[in-house]
Ligand SMILES: O=C(O)C1=C[C@@H](OP(=O)(O)O)[C@@H](O)[C@H](O)C1
Ligand SMILES: C=C(OP(=O)(O)O)C(=O)O
(Lines of atoms letter the chains of each structure in order from A and count residues from 1; the text may use other names and numbers.)
(Lines give C-alpha, C1' and ligand atoms only; values in the text may rest on other atoms or scores of the structure.)
(Ligands and ions follow the chains in the order given, each with its own letter.)
Protein backbone atom coordinates (compact mmCIF):
# COMPACT_ATOMS: atom_id res chain seq x y z
CA UNK A 1 0.00 0.00 0.00
CA UNK A 2 1.50 3.36 -0.93
CA UNK A 3 -0.02 6.31 0.90
CA UNK A 4 -2.64 8.74 -0.30
CA UNK A 5 -5.39 8.65 -2.89
CA UNK A 6 -9.14 9.14 -2.84
CA UNK A 7 -12.01 6.78 -3.61
CA UNK A 8 -14.34 7.62 -6.47
CA UNK A 9 -16.86 5.82 -8.68
CA UNK A 10 -19.85 3.54 -8.33
CA UNK A 11 -19.90 -0.22 -7.95
CA UNK A 12 -21.62 -3.14 -6.24
CA UNK A 13 -19.69 -5.05 -3.60
CA UNK A 14 -20.28 -8.85 -3.46
CA UNK A 15 -23.38 -10.47 -1.99
CA UNK A 16 -24.18 -10.60 1.71
CA UNK A 17 -22.32 -13.41 3.47
CA UNK A 18 -24.87 -14.02 6.24
CA UNK A 19 -27.74 -14.17 3.75
CA UNK A 20 -25.80 -16.38 1.30
CA UNK A 21 -25.21 -19.03 4.00
CA UNK A 22 -28.87 -19.06 4.97
CA UNK A 23 -30.07 -19.17 1.35
CA UNK A 24 -28.18 -22.42 0.71
CA UNK A 25 -29.21 -24.00 4.01
CA UNK A 26 -32.93 -23.32 3.66
CA UNK A 27 -32.99 -24.06 -0.09
CA UNK A 28 -31.39 -27.48 0.59
CA UNK A 29 -34.11 -28.58 3.03
CA UNK A 30 -36.97 -26.94 1.11
CA UNK A 31 -39.30 -28.77 -1.26
CA UNK A 32 -38.71 -27.85 -4.90
CA UNK A 33 -36.18 -25.68 -6.61
CA UNK A 34 -34.69 -22.43 -5.34
CA UNK A 35 -32.93 -19.99 -7.66
CA UNK A 36 -30.56 -17.62 -5.94
CA UNK A 37 -28.95 -14.56 -7.52
CA UNK A 38 -26.29 -12.34 -5.98
CA UNK A 39 -24.77 -15.28 -4.04
CA UNK A 40 -21.40 -14.50 -2.43
CA UNK A 41 -18.70 -16.54 -4.18
CA UNK A 42 -16.37 -16.21 -1.20
CA UNK A 43 -14.77 -19.11 0.64
CA UNK A 44 -17.13 -19.03 3.67
CA UNK A 45 -20.36 -19.23 1.66
CA UNK A 46 -18.76 -21.75 -0.72
CA UNK A 47 -17.93 -23.94 2.30
CA UNK A 48 -21.62 -24.05 3.21
CA UNK A 49 -22.53 -24.85 -0.39
CA UNK A 50 -19.98 -27.69 -0.57
CA UNK A 51 -21.38 -29.24 2.61
CA UNK A 52 -24.83 -29.69 1.10
CA UNK A 53 -23.34 -31.27 -2.02
CA UNK A 54 -21.66 -33.77 0.34
CA UNK A 55 -25.12 -34.42 1.81
CA UNK A 56 -26.52 -35.34 -1.59
CA UNK A 57 -28.15 -32.04 -2.59
CA UNK A 58 -28.01 -31.24 -6.30
CA UNK A 59 -26.68 -27.68 -6.69
CA UNK A 60 -25.78 -25.89 -9.95
CA UNK A 61 -23.35 -22.98 -9.78
CA UNK A 62 -22.35 -20.60 -8.48
CA UNK A 63 -21.99 -18.94 -11.84
CA UNK A 64 -21.87 -15.15 -11.78
CA UNK A 65 -23.68 -15.24 -8.42
CA UNK A 66 -26.42 -17.56 -9.73
CA UNK A 67 -27.08 -20.79 -7.85
CA UNK A 68 -29.82 -23.36 -8.44
CA UNK A 69 -30.60 -25.71 -5.55
CA UNK A 70 -32.90 -28.70 -5.92
CA UNK A 71 -34.27 -28.97 -2.40
CA UNK A 72 -34.56 -32.43 -0.85
CA UNK A 73 -37.15 -31.57 1.81
CA UNK A 74 -36.78 -31.58 5.59
CA UNK A 75 -35.86 -35.29 5.74
CA UNK A 76 -34.01 -35.71 2.45
CA UNK A 77 -30.38 -35.02 3.43
CA UNK A 78 -28.06 -38.02 3.19
CA UNK A 79 -25.20 -39.08 5.48
CA UNK A 80 -21.88 -37.60 4.28
CA UNK A 81 -18.97 -39.95 3.58
CA UNK A 82 -16.50 -37.90 5.62
CA UNK A 83 -16.11 -35.01 8.06
CA UNK A 84 -17.42 -31.65 6.81
CA UNK A 85 -14.73 -28.95 6.65
CA UNK A 86 -16.09 -25.44 7.19
CA UNK A 87 -12.79 -23.65 6.76
CA UNK A 88 -12.79 -20.22 8.43
CA UNK A 89 -16.56 -19.86 8.78
CA UNK A 90 -18.07 -19.49 12.24
CA UNK A 91 -21.53 -18.91 10.79
CA UNK A 92 -21.43 -22.23 8.91
CA UNK A 93 -20.32 -24.21 11.94
CA UNK A 94 -22.76 -22.73 14.42
CA UNK A 95 -25.84 -22.71 12.17
CA UNK A 96 -25.15 -26.19 10.80
CA UNK A 97 -24.70 -27.59 14.33
CA UNK A 98 -28.36 -26.66 14.86
CA UNK A 99 -29.55 -27.88 11.48
CA UNK A 100 -27.72 -31.19 11.76
CA UNK A 101 -28.66 -31.87 15.41
CA UNK A 102 -32.07 -33.08 14.21
CA UNK A 103 -30.86 -35.37 11.39
CA UNK A 104 -30.89 -39.16 11.56
CA UNK A 105 -27.19 -39.60 10.70
CA UNK A 106 -23.95 -38.64 12.46
CA UNK A 107 -21.90 -35.66 11.27
CA UNK A 108 -18.49 -34.27 12.22
CA UNK A 109 -17.82 -30.56 11.64
CA UNK A 110 -14.22 -29.32 11.40
CA UNK A 111 -12.57 -26.00 10.57
CA UNK A 112 -9.26 -24.24 10.09
CA UNK A 113 -6.92 -23.18 12.92
CA UNK A 114 -8.86 -19.96 13.62
CA UNK A 115 -12.29 -21.63 13.62
CA UNK A 116 -10.95 -24.46 15.80
CA UNK A 117 -10.14 -21.89 18.50
CA UNK A 118 -13.59 -20.28 18.60
CA UNK A 119 -16.15 -21.02 21.35
CA UNK A 120 -18.80 -23.57 20.40
CA UNK A 121 -20.46 -24.24 23.78
CA UNK A 122 -22.65 -21.22 23.10
CA UNK A 123 -24.47 -23.46 20.57
CA UNK A 124 -23.90 -26.94 21.98
CA UNK A 125 -25.39 -25.99 25.37
CA UNK A 126 -28.80 -24.77 24.15
CA UNK A 127 -28.89 -27.59 21.59
CA UNK A 128 -28.25 -30.10 24.43
CA UNK A 129 -31.31 -28.66 26.21
CA UNK A 130 -33.25 -29.73 23.11
CA UNK A 131 -31.86 -33.26 23.41
CA UNK A 132 -29.02 -32.91 20.88
CA UNK A 133 -25.84 -34.89 21.38
CA UNK A 134 -22.83 -32.87 20.26
CA UNK A 135 -19.31 -33.49 21.53
CA UNK A 136 -16.62 -30.78 21.48
CA UNK A 137 -13.01 -30.79 22.63
CA UNK A 138 -12.41 -30.32 26.37
CA UNK A 139 -12.07 -26.59 25.62
CA UNK A 140 -15.51 -26.42 24.03
CA UNK A 141 -14.11 -26.02 20.53
CA UNK A 142 -14.38 -27.86 17.19
CA UNK A 143 -14.39 -30.54 15.92
CA UNK A 144 -18.06 -30.97 16.69
CA UNK A 145 -19.21 -34.59 16.62
CA UNK A 146 -22.97 -34.79 16.25
CA UNK A 147 -24.69 -38.08 17.10
CA UNK A 148 -28.32 -38.48 16.05
CA UNK A 149 -31.07 -38.25 18.69
CA UNK A 150 -34.47 -39.95 18.41
CA UNK A 151 -36.39 -36.64 18.59
CA UNK A 152 -35.43 -33.09 19.53
CA UNK A 153 -37.76 -31.18 21.81
CA UNK A 154 -38.61 -27.51 21.67
CA UNK A 155 -36.88 -25.12 24.06
CA UNK A 156 -37.50 -21.65 25.47
CA UNK A 157 -34.01 -20.19 25.52
CA UNK A 158 -32.72 -16.80 26.69
CA UNK A 159 -29.46 -16.02 24.90
CA UNK A 160 -26.66 -15.06 27.32
CA UNK A 161 -24.84 -13.13 24.54
CA UNK A 162 -26.35 -11.14 21.68
CA UNK A 163 -25.54 -13.59 18.88
CA UNK A 164 -27.44 -14.13 15.65
CA UNK A 165 -25.46 -17.31 15.11
CA UNK A 166 -26.70 -18.85 18.36
CA UNK A 167 -30.27 -17.63 17.78
CA UNK A 168 -30.23 -19.08 14.27
CA UNK A 169 -28.71 -22.38 15.40
CA UNK A 170 -31.48 -22.92 17.95
CA UNK A 171 -34.21 -21.90 15.48
CA UNK A 172 -32.86 -24.26 12.79
CA UNK A 173 -32.84 -27.13 15.32
CA UNK A 174 -36.36 -26.00 16.26
CA UNK A 175 -37.53 -26.87 12.73
CA UNK A 176 -36.87 -30.52 13.66
CA UNK A 177 -38.12 -30.34 17.28
CA UNK A 178 -41.42 -31.33 18.84
CA UNK A 179 -43.54 -28.33 19.77
CA UNK A 180 -42.51 -24.72 20.04
CA UNK A 181 -38.96 -23.32 20.12
CA UNK A 182 -38.47 -19.76 21.37
CA UNK A 183 -35.34 -17.63 21.61
CA UNK A 184 -35.10 -14.35 23.52
CA UNK A 185 -32.20 -12.05 22.68
CA UNK A 186 -30.60 -9.60 25.12
CA UNK A 187 -30.41 -7.10 22.25
CA UNK A 188 -31.64 -7.20 18.67
CA UNK A 189 -29.25 -9.09 16.36
CA UNK A 190 -29.39 -9.64 12.61
CA UNK A 191 -32.70 -11.26 11.67
CA UNK A 192 -31.88 -12.80 8.29
CA UNK A 193 -32.85 -16.31 9.44
CA UNK A 194 -36.29 -15.16 10.54
CA UNK A 195 -36.86 -13.15 7.35
CA UNK A 196 -35.71 -15.97 5.12
CA UNK A 197 -37.78 -18.62 6.90
CA UNK A 198 -40.78 -16.40 6.15
CA UNK A 199 -39.73 -16.12 2.49
CA UNK A 200 -39.61 -19.95 2.30
CA UNK A 201 -43.16 -20.03 3.70
CA UNK A 202 -42.37 -21.02 7.31
CA UNK A 203 -44.34 -19.26 10.01
CA UNK A 204 -42.34 -17.24 12.57
CA UNK A 205 -43.75 -15.30 15.50
CA UNK A 206 -41.85 -12.31 16.88
CA UNK A 207 -42.72 -10.21 19.89
CA UNK A 208 -40.08 -7.69 20.84
CA UNK A 209 -36.84 -9.54 21.48
CA UNK A 210 -38.53 -12.96 21.47
CA UNK A 211 -38.93 -15.11 18.37
CA UNK A 212 -40.76 -18.46 18.19
CA UNK A 213 -41.49 -21.19 15.66
CA UNK A 214 -43.17 -24.60 15.78
CA UNK A 215 -41.29 -27.66 14.55
CA UNK A 216 -42.49 -30.12 11.94
CA UNK A 217 -43.44 -27.69 9.16
CA UNK A 218 -42.10 -27.49 5.64
CA UNK A 219 -40.25 -25.00 3.46
CA UNK A 220 -41.09 -24.25 -0.17
CA UNK A 221 -38.41 -23.45 -2.74
CA UNK A 222 -38.47 -19.89 -4.07
CA UNK A 223 -36.50 -17.21 -5.91
CA UNK A 224 -34.07 -15.14 -3.89
CA UNK A 225 -31.98 -12.09 -4.69
CA UNK A 226 -29.17 -11.41 -2.24
CA UNK A 227 -28.26 -7.75 -1.64
CA UNK A 228 -24.67 -6.47 -1.56
CA UNK A 229 -23.04 -6.98 1.84
CA UNK A 230 -23.05 -3.89 4.06
CA UNK A 231 -20.11 -5.45 5.94
CA UNK A 232 -18.06 -5.34 2.72
CA UNK A 233 -19.40 -1.91 1.76
CA UNK A 234 -18.24 -0.71 5.21
CA UNK A 235 -14.58 -0.62 4.13
CA UNK A 236 -15.38 1.75 1.29
CA UNK A 237 -17.68 3.80 3.51
CA UNK A 238 -14.77 4.32 5.88
CA UNK A 239 -12.24 4.83 3.07
CA UNK A 240 -14.38 7.51 1.39
CA UNK A 241 -15.03 9.20 4.76
CA UNK A 242 -11.32 9.55 5.60
CA UNK A 243 -9.81 10.41 2.21
CA UNK A 244 -10.31 14.02 1.02
CA UNK A 245 -11.81 14.19 -2.49
CA UNK A 246 -13.68 10.90 -2.18
CA UNK A 247 -17.19 10.42 -3.55
CA UNK A 248 -18.51 6.86 -3.98
CA UNK A 249 -21.85 5.24 -4.71
CA UNK A 250 -22.25 1.70 -3.41
CA UNK A 251 -25.09 -0.04 -5.20
CA UNK A 252 -27.91 -2.18 -3.79
CA UNK A 253 -26.46 -2.56 -0.30
CA UNK A 254 -28.51 -4.34 2.38
CA UNK A 255 -29.68 -1.83 4.99
CA UNK A 256 -31.54 -4.22 7.29
CA UNK A 257 -32.09 -2.25 10.55
CA UNK A 258 -30.17 -4.98 12.41
CA UNK A 259 -27.07 -4.28 10.29
CA UNK A 260 -26.90 -0.48 9.96
CA UNK A 261 -24.69 0.28 12.96
CA UNK A 262 -21.89 1.30 10.57
CA UNK A 263 -24.09 4.02 9.04
CA UNK A 264 -25.28 5.25 12.45
CA UNK A 265 -21.80 5.28 13.99
CA UNK A 266 -20.07 6.97 11.03
CA UNK A 267 -22.85 9.58 10.86
CA UNK A 268 -22.44 10.27 14.60
CA UNK A 269 -18.75 10.86 13.83
CA UNK A 270 -19.70 13.42 11.19
CA UNK A 271 -19.61 11.31 8.02
CA UNK A 272 -21.47 12.39 4.90
CA UNK A 273 -23.62 9.36 4.03
CA UNK A 274 -26.78 9.37 1.97
CA UNK A 275 -29.11 6.38 1.53
CA UNK A 276 -30.66 6.68 -1.93
CA UNK A 277 -33.60 4.86 -3.52
CA UNK A 278 -34.59 2.68 -0.56
CA UNK A 279 -36.37 -0.47 -1.74
CA UNK A 280 -36.88 -4.13 -0.87
CA UNK A 281 -34.91 -6.93 -2.54
CA UNK A 282 -35.46 -10.60 -1.62
CA UNK A 283 -37.28 -9.73 1.60
CA UNK A 284 -34.49 -7.40 2.73
CA UNK A 285 -34.34 -3.57 2.66
CA UNK A 286 -31.63 -2.16 0.35
CA UNK A 287 -30.42 1.24 -0.83
CA UNK A 288 -27.63 2.78 -2.87
CA UNK A 289 -25.21 4.38 -0.43
CA UNK A 290 -23.38 7.58 -1.36
CA UNK A 291 -20.42 8.53 0.80
CA UNK A 292 -18.35 11.71 0.39
CA UNK A 293 -15.32 12.77 2.38
CA UNK A 294 -16.09 14.71 5.56
CA UNK A 295 -13.92 15.51 8.57
CA UNK A 296 -14.68 13.04 11.40
CA UNK A 297 -14.72 13.54 15.16
CA UNK A 298 -14.18 10.93 17.86
CA UNK A 299 -17.22 9.68 19.81
CA UNK A 300 -18.27 7.39 22.62
CA UNK A 301 -19.86 4.59 20.57
CA UNK A 302 -23.40 3.93 21.87
CA UNK A 303 -23.58 0.40 23.33
CA UNK A 304 -26.87 -0.27 21.56
CA UNK A 305 -25.06 0.05 18.21
CA UNK A 306 -22.56 -2.73 19.01
CA UNK A 307 -24.60 -5.75 17.83
CA UNK A 308 -25.69 -3.75 14.77
CA UNK A 309 -22.08 -3.13 13.70
CA UNK A 310 -20.38 -6.20 15.18
CA UNK A 311 -18.28 -7.05 12.10
CA UNK A 312 -17.53 -3.44 11.19
CA UNK A 313 -15.34 -2.48 14.15
CA UNK A 314 -11.98 -3.10 12.44
CA UNK A 315 -13.05 -0.54 9.81
CA UNK A 316 -14.56 1.80 12.44
CA UNK A 317 -11.25 1.77 14.35
CA UNK A 318 -9.51 3.13 11.23
CA UNK A 319 -12.13 5.89 11.00
CA UNK A 320 -11.46 6.62 14.69
CA UNK A 321 -7.72 6.85 14.03
CA UNK A 322 -8.43 9.59 11.45
CA UNK A 323 -11.01 11.43 13.55
CA UNK A 324 -10.38 14.50 15.69
CA UNK A 325 -10.40 13.54 19.38
CA UNK A 326 -10.86 10.21 21.10
CA UNK A 327 -13.21 7.35 20.30
CA UNK A 328 -14.24 4.92 23.01
CA UNK A 329 -15.86 1.54 22.45
CA UNK A 330 -17.34 -0.52 25.33
CA UNK A 331 -19.62 -3.57 25.51
CA UNK A 332 -17.85 -5.32 22.64
CA UNK A 333 -16.07 -8.27 24.31
CA UNK A 334 -17.44 -10.47 21.49
CA UNK A 335 -14.78 -8.95 19.22
CA UNK A 336 -12.22 -11.05 21.09
CA UNK A 337 -13.71 -14.33 19.78
CA UNK A 338 -14.03 -13.59 16.08
CA UNK A 339 -11.64 -14.88 13.38
CA UNK A 340 -8.94 -13.22 15.50
CA UNK A 341 -9.05 -11.28 18.77
CA UNK A 342 -10.06 -8.13 16.89
CA UNK A 343 -9.40 -5.82 19.85
CA UNK A 344 -5.84 -7.05 20.40
CA UNK A 345 -4.94 -7.45 16.74
CA UNK A 346 -6.31 -4.03 15.75
CA UNK A 347 -4.66 -2.33 18.77
CA UNK A 348 -1.31 -3.87 17.79
CA UNK A 349 -1.69 -2.79 14.18
CA UNK A 350 -2.70 0.75 15.15
CA UNK A 351 0.30 0.95 17.52
CA UNK A 352 2.49 -0.20 14.63
CA UNK A 353 1.26 2.86 12.71
CA UNK A 354 2.09 5.13 15.65
CA UNK A 355 -1.51 5.52 16.82
CA UNK A 356 -2.36 5.62 20.49
CA UNK A 357 -4.79 2.75 21.02
CA UNK A 358 -5.54 1.34 24.46
CA UNK A 359 -7.19 -2.09 24.33
CA UNK A 360 -9.68 -2.87 27.11
CA UNK A 361 -11.38 -6.16 28.03
CA UNK A 362 -14.60 -5.16 26.25
CA UNK A 363 -13.48 -2.47 23.86
CA UNK A 364 -10.81 0.06 23.01
CA UNK A 365 -9.87 3.75 23.35
CA UNK A 366 -8.36 5.31 20.24
CA UNK A 367 -6.79 8.76 20.12
CA UNK A 368 -7.57 10.08 16.67
CA UNK A 369 -5.95 12.57 14.38
CA UNK A 370 -2.59 10.87 14.31
CA UNK A 371 -2.75 8.84 11.12
CA UNK A 372 -0.88 10.81 8.50
CA UNK A 373 0.74 13.14 11.01
CA UNK A 374 3.04 10.49 12.53
CA UNK A 375 5.42 8.15 10.78
CA UNK A 376 2.36 6.03 10.01
CA UNK A 377 3.97 3.26 8.09
CA UNK A 378 4.97 -0.30 8.71
CA UNK A 379 4.18 -3.99 8.52
CA UNK A 380 0.81 -5.09 9.92
CA UNK A 381 0.04 -8.69 10.85
CA UNK A 382 -3.62 -9.36 9.95
CA UNK A 383 -3.50 -12.72 11.79
CA UNK A 384 -5.45 -14.34 8.97
CA UNK A 385 -8.46 -12.11 9.70
CA UNK A 386 -10.13 -10.82 6.51
CA UNK A 387 -11.71 -7.79 8.15
CA UNK A 388 -8.48 -6.69 9.85
CA UNK A 389 -6.64 -6.89 6.52
CA UNK A 390 -9.26 -4.83 4.64
CA UNK A 391 -9.48 -2.24 7.43
CA UNK A 392 -5.72 -1.60 7.33
CA UNK A 393 -5.83 -1.44 3.54
CA UNK A 394 -8.14 1.59 3.94
CA UNK A 395 -5.67 3.16 6.42
CA UNK A 396 -3.32 3.43 3.43
CA UNK A 397 -5.44 6.35 2.17
CA UNK A 398 -4.19 8.46 5.06
CA UNK A 399 -0.86 6.90 6.10
CA UNK A 400 2.37 8.78 5.58
CA UNK A 401 4.33 5.80 4.29
CA UNK A 402 3.95 2.34 2.82
CA UNK A 403 1.80 -0.13 4.79
CA UNK A 404 2.47 -3.82 4.27
CA UNK A 405 -0.29 -6.18 5.37
CA UNK A 406 0.75 -9.76 6.08
CA UNK A 407 -1.30 -12.97 6.49
CA UNK A 408 -4.26 -11.61 4.55
CA UNK A 409 -5.17 -14.43 2.13
CA UNK A 410 -8.45 -14.90 4.04
CA UNK A 411 -9.83 -11.71 2.49
CA UNK A 412 -11.29 -14.21 0.01
CA UNK A 413 -13.59 -15.60 2.74
CA UNK A 414 -15.95 -12.63 2.57
CA UNK A 415 -14.73 -10.36 -0.27
CA UNK A 416 -13.31 -12.07 -3.35
CA UNK A 417 -11.68 -9.49 -5.63
CA UNK A 418 -11.27 -6.88 -2.89
CA UNK A 419 -7.78 -5.74 -3.93
CA UNK A 420 -8.76 -5.30 -7.58
CA UNK A 421 -11.94 -3.41 -6.74
CA UNK A 422 -10.09 -1.24 -4.23
CA UNK A 423 -7.34 -0.47 -6.76
CA UNK A 424 -9.91 0.41 -9.45
CA UNK A 425 -11.64 2.78 -7.05
CA UNK A 426 -8.49 4.70 -6.18
CA UNK A 427 -6.60 2.85 -3.44
CA UNK A 428 -2.86 2.46 -4.12
CA UNK A 429 -2.82 -1.26 -3.39
CA UNK A 430 -0.72 -4.03 -4.89
CA UNK A 431 -1.39 -7.66 -4.16
CA UNK A 432 1.62 -9.91 -3.63
CA UNK A 433 1.07 -13.64 -3.38
CA UNK A 434 3.72 -15.60 -1.51
O1 LIG B 1 -25.40 -14.84 11.95
C2 LIG B 1 -24.50 -14.39 11.21
O3 LIG B 1 -24.51 -14.56 9.97
C4 LIG B 1 -23.39 -13.66 11.83
C5 LIG B 1 -23.48 -13.23 13.11
C6 LIG B 1 -22.40 -12.51 13.82
O7 LIG B 1 -21.79 -13.40 14.73
P8 LIG B 1 -22.35 -13.61 16.24
O9 LIG B 1 -23.63 -14.31 16.15
O10 LIG B 1 -21.29 -14.46 16.88
O11 LIG B 1 -22.44 -12.24 16.83
C12 LIG B 1 -21.35 -11.99 12.85
O13 LIG B 1 -20.19 -11.63 13.57
C14 LIG B 1 -20.98 -12.99 11.80
O15 LIG B 1 -20.06 -12.46 10.89
C16 LIG B 1 -22.19 -13.41 11.00
C1 LIG C 1 -17.20 -12.99 12.37
C2 LIG C 1 -17.31 -13.21 11.06
O3 LIG C 1 -17.71 -14.37 10.44
P4 LIG C 1 -17.89 -15.85 11.02
O5 LIG C 1 -18.32 -15.77 12.47
O6 LIG C 1 -18.91 -16.48 10.14
O7 LIG C 1 -16.56 -16.56 10.87
C8 LIG C 1 -17.02 -12.11 10.11
O9 LIG C 1 -17.25 -12.32 8.91
O10 LIG C 1 -16.56 -11.02 10.51
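Yeah, the Cβs are placed from backbone N, Cα and C, and that goes for glycine too.
What you are looking at is a predicted structure, and each value in this text was computed from that prediction instead of being measured.
Here's what TrEMBL has on this protein:
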- 2-419: domain 'Enolpyruvate transferase' (DOMAIN)
- 17, 18, 22, 163, 165, 311, 338: 3-phosphoshikimate binding site (BINDING)
- 17, 90, 118, 165, 342, 387: phosphoenolpyruvate binding site (BINDING)
- 311: active site, proton acceptor (ACT_SITE)
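Ranking the binding-site residues 18, 22, 338 by Cα distance from residue 387 (phosphoenolpyruvate binding site) puts 338 first. Checking the binding-site residues 18, 22, 387 against ligand 1 with a 6 Å cutoff on the Cβ atom leaves 18, in sequence order. Proximity to ligand 2 at the level of Cβ atoms, with a cut-off under 6 angstroms, picks out none of the binding-site residues 22, 118, 163, 342. Within the set of binding-site residues 90, 118, 342, the entry lying nearest in space to residue 163 (3-phosphoshikimate binding site) is 90 (CA atoms). Cβ neighbour count for residue 342 (phosphoenolpyruvate binding site) (all protein chains, 10 Å cutoff from its Cβ): 25. Using CA atoms as reference points, the binding-site residues 17, 18, 22, 311, 338 were checked against residue 90 (phosphoenolpyruvate binding site), and the closest is 338. For residue 342 (phosphoenolpyruvate binding site), the nearest neighbour among the binding-site residues 17, 22, 165, 311, judged by Cα separation, is 311. The binding-site residues 17, 22, 338 differ in how many other CB atoms lie within 10 Å of their CB, and the one with the most is 22.
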